[in-house]
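As given in TrEMBL:
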BINDING   A:H53, A:H63, A:H185, A:H203  heme b binding site
DOMAIN    A:2-222  domain 'NarG-like'
TRANSMEM  A:6-25  transmembrane segment
TRANSMEM  A:45-64  transmembrane segment
TRANSMEM  A:84-107  transmembrane segment
TRANSMEM  A:128-145  transmembrane segment
TRANSMEM  A:182-199  transmembrane segment
Amino acid sequence: MNIILWAVLPYASILTFALGIAWRYRYDRYGWTTRSSQLYESATLRWGSPMFHFGLLLVLGGHATGLLIPKVWTEAVGISNHTYHLMAVFLGTVSGICTVAGLAVLLCRRWLVRPVLKATTTNDHMMYAVLAATLALGLLATVRANTIGDGYDYRETVSPWLRSIFLLRPDIDLMATVPTNLQAHVLTAFALLAVWPFTRLVHAFSAPVGYLTRPYVVYRNRDGLGPARR
Amino acid sequence: MRVMAQLAMVMNLDKCIGCHTCSVTCKQAWTNRSGVEYAWFNNVETRPGQGYPRTYQDQQRWQGGWVRSARGRLRPRAGGRLKRLLSIFANPKLPTLRDYYEPWTYDYEHLLSSPPAQQTPVAQPISQMTGRPTAITWSANWDDSLAGGNEVASGDPILARVSASVRLEYENAFMFFLPRICEHCLNPSCAASCPSGAIYKRVEDGIVLIDQNRCRGWRMCVTGCPYKKIYFNHRTGKAEKCTFCFPRVEIGQPTVCAETCVGRLRYIGLMLYDADAVAQAAATEHDTDLYAAQRSVFLDPHDPSVIAAARRAGIAEDWIDAAQRSPAWDLIVRYEVALPLHPEYRTMPMVWYIPPLSPVVEALRDTGHDGEKLGNLFGAVEALRIPVRYLAELFTAGDPAPVEAVLRRLAAMRAYQRRINLGDPPDESIAEAVGMSGEQMQAMYRLLAIAKYEQRYVIPAAHTQTAHTLEGRATGCSLDSEGGPGMGGRINLLTWNGNDRPEGLFPPRKEPV
Ligand code: SF4
Ligand code: SF4
């Protein structure tokens, strides 16, 4: 059971993710879009969307530091466990609440504003369920373990386990003692990863940073062969 | 000097009867699909009026086009690159469907299924956005022909600029139609606003297109275009715009709107211009100098040095020849009767307009004067401040002088031709009064009044290895071709029904052996 949960499933979802993204990029760039609904309704979206997205960027940054950077490294550069913990709890809770609240605003809008609801596909509904579950479980884990509870240090278990996955030597025993709530969060996160390429979430991979350096006006040849002169 | 060719259009507003044939044929050809029900790549609006989308010309509100900084540099009015990226999660200046209109259909089914009743059954309007019964309150031309009167027309941002106190009093009333398509600007702010770099200007003919494979639906272009000629397809999640009917013009046919125009008022031809001079011209300090600045980037296709430079730039001989015969060149430069729409937006638009003399003529006729007599007409151009200032706000950033000059030329042409019509000898002094020769006057008259199809549309065919496939493309929906800038009917993962195998979405199947 543990092997399936903590080794097979993660690899399966990573593989689905990679292949899915590759397929989508090769065959469905036409479907690669935010599919914004701002045209139907703008007032609520202008609050909810930045709240959700900026919150999410922070949350992702936090995850990257917490999961990928080994504890010994942060300690080596002189950040004590306590300081790190305080920072993580504070930033994690604030950005987590931001994200979840933003998503709540957006989801209410999606259900209550009729044209937006009409433009929502089954695919979207499924994706929102997984996304909401992941975010809610994650926030719950942060709040429970770090503020109410005695301070569970996932950097001793989940982080090394995840790194072991990436190093192709999955250390499944590490996950056995992790609180159920956090385990569930990890599993839904992998589920989210697996459905990612097949949903509107792909737009996350088109962060247009090239805009900062390119000339304002783009010229191209008729044949569509890449940007032309200037 | 870097010579580039640009397909330009000129519309003679005096001849527009507001029939909307152009809009309807354009819609039938390009936007007769779900997701763009509300979009009219070609629309005809009544001036004075609010326009479509409502009050789009109010750039304080919609933030389209460019602004010139104190240091003389241009940046999109809605903000430069960094600001755009920071507001990417919700575009603060996006018009919503309420600013266009909520598209609707009718419950036709009810007409057939209604049980026997006292009253004749009626088909209720159904919103295409909610699928529910709706009350129609606005459309792309709700205020057509001044419908709604003062109440609606006073929402016109241009009228408000002409004079804070102008009301459309009956004595002052004037009206004309303004057909609009994408301007295919030399300095397109839509392209400048696109974070993905999906909007591009074609090197060969200057047509501005959106690469449907690269658009990610950020919607910044909708804000960036001051003419609001980019439409967000809410079904595919991609932006779409007028393509200048490129599959047609590539084989030498005029755009659908021009081909079907009932008033035969549209002209299509090439303009050669110096691409290196565009940025500086667009950054000219005073708004009122922009009309002259844009003219200064056009290159004379008869000038041997221009011809040589055009050849060096790889422009083919038949294109140079077409540029020399271009009706756009004649109307813009030779006769100086065409003006750009809103040069103050600094996008260097390339659909130009001959302002209408009809408000002036009609005013004269209404007051019992002879609307064909030169003295009367000249006097009226001077006296009718409000129409002239209104036209100046549209075409010359508020400077009445160029508009007056055009109207005087048109008036002179009327008077000159009338004498000829009545069998009197031509009066050269009339032509001279507006700085033209009698010969020029007659040539201009022929171009404006009786020009044949071949003279109105001088469109050289595209030079491409795939030219032979274009013939077929002009009849099919070319926007659907792979990599084409529209691809309206194409299925993507979001619109796929999950059962069949749409073309292009999967790797090709192996042929069974
Ligand atoms: S008029 Fe056309 S080319 Fe000009 S900014 Fe708007 S969409 Fe772009
Ligand atoms: S078809 Fe021609 S005359 Fe009719 S509305 Fe369009 S531009 Fe005007």
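Glycine is no exception: its Cβ is also placed from the backbone N, Cα and C atoms.
TrEMBL labels come from automatic prediction, so no person has curated them.
Projection of TrEMBL feature records onto the structure.
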residue	record	Cβ contacts under 8 Å, 6 or more apart
A:H53	heme b binding site	A:G102
A:H63	heme b binding site	none
A:H185	heme b binding site	A:T134, A:L137, A:G138, A:L140, A:A141
A:H203	heme b binding site	A:W32, A:T33, A:T34, A:R35
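Taking every pair among A:H53, A:H63, A:H185, A:H203, the residues recorded as binding heme b, the greatest CA to CA distance is 23 Å. Among residues of the same chain six or more beyond the transmembrane segment (A:6-25), those with a C-beta under 8 A of the stretch's C-beta atoms are 31-32, 161, 165, 170, 172, 175, 187, 190-191, 193-194, 196-198, 202, 205. The subset of binding-site residues A:H53, A:H63, A:H185, A:H203 lying near chain B, with Cβ atoms under 8 Å apart, consists of A:H53, A:H203. On the 0 to 100 pLDDT scale, the domain 'NarG-like' (A:2-222) averages 90 in this prediction.
DSSP gives A:H63 (heme b binding site) a helix state. DSSP assigns A:H185 (heme b binding site) to a helical segment in the three-state reduction.
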